[in-house]
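Report on one structure; see the data block that follows.
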Amino acid sequence: MSDLKPADLAKDAAARAAVALVEPGMKLGLGTGSTASVFVRRLAERVAAEGLELRCAATSKATADLATSLGLKIETLDELGWLDLTIDGADEVDPDLNLIKGGGGAHLREKIVATASDRMVVIADKMKVVEHLGEFHLPVEVVPFGKEATKKLIERVLDGHGLAGRPVKWRNGPEGGPFLTDEGNVILDLYLGRIADPEKLGRDLSSIAGVVEHGLFLNICQLAIIGGEDGSVVELEREDIG
Ligand SMILES: O=C[C@H](O)[C@H](O)[C@H](O)COP(=O)(O)O
């Protein structure tokens with residue numbers, strides 16, 4: 001991967017460090033997005049070079065397609081049952097290793113896979129590390145049926161969090177129509193700014209019937225590998241916190 005742009009070097013540094021965590025025989029969850037894709041490429045290189053025996057589940061059709069094209073065999077999460085390790089990217093990482101995910105709309109499957117794993121490790125470039133979650137929009141996956149009523153209920157939740165009037169926008173797909181997730185749902189992006197109480201916001205959003213899943217990943221990630229453009233990596237562990 002000598003043709004990497006400088007901005008991708010940080011992702012590659014984090015991905016390479018994550019590949020070193022993979023052990024023979026592991027059941028592995030593969031994340032979604034540009035950083036997770038670099039990891040999948042590096043993993044495929046190691047598997048080819050070492051003949052590593054692994055079993056992998058993907059968090060999206062896109063990742064499954066990429067992995068398969070690189071010679072990795074993808075099985076369903078149900079076939080694997082439980083995973084040893086999931087490696088994924090993130091849109092924001094806070095000092096407690098809480099995350100915003102779903103910039104690519106894959107956070108539902110990503111959360112199912114991450115929480116069915118003994119360990120979730122996030123790989124990211126330095127730009128993703130924030131003091132407080134919320135500068136990146138918060139994606140919420142919503143069932144299409146009655147979506148405008150669900151939007152009203154979400155706005156009511158935001159009022160209760162002192163976030164009244166913050167923009168909320170249905171995400172569009174590449175063709176201009178609504179973005180559809182792998183599960184056939186739509187995404188409402190919440191442009192909130194600083195989220196003062198992510199735990200409560202997450203609970204309140206999850207209590208709405210039409211909400212399938214939000215992009216707050218709280219107390220799920222155990223390790224964040226943060227890459228720098230100079231190829232350096234910094235590891236932040238959950239045990240280090242507090
Ligand atoms: O839905 C997408 C995922 O949550 C991604 O892992 C996240 O958006 C980060 O993506 P990227 O590595 O492309 O910045």
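Glycine is no exception: its Cβ is also placed from the backbone N, Cα and C atoms.
TrEMBL: automatically predicted annotations, no manual curation.
What TrEMBL records for Thr32, Gly33, Ser34, Thr35, Asp88, Gly89, Ala90, Asp91, Lys101, Gly102, Gly103, Gly104, Lys128 is substrate binding site. Among the features that TrEMBL reports, active site, proton acceptor is placed at Glu110.
Residues Thr32, Gly33, Ser34, Thr35, Asp88, Gly89, Ala90, Asp91, Lys101, Gly102, Gly103, Gly104, Lys128 make up the record's substrate site, and a Cβ search at 8 Å around their centroid adds Gly31, Ala36, Ala106, Glu110, Ala124 from the same chain. The least crowded of the binding-site residues Lys101, Lys128, judged by other CB atoms within 10 A of its own CB, is Lys128. Least packed by the Cβ count within 10 Å, out of the binding-site residues Thr32, Ser34, is Ser34. A coil conformation is recorded for Lys101 (substrate binding site) in the three-state DSSP classification, outside any helix or strand. The residue listed as 'active site, proton acceptor' is 14 Å away from Ser34 (substrate binding site) when you measure Cα to Cα.
Under DSSP, Ser34 (substrate binding site) is assigned to a helix (H, G or I) in the three-state scheme. For the residue listed as 'active site, proton acceptor', the binding-site residues whose C-alpha atoms fall inside a 10 Å radius of its own C-alpha are Thr32, Asp88, out of Thr32, Asp88, Gly103, Lys128.
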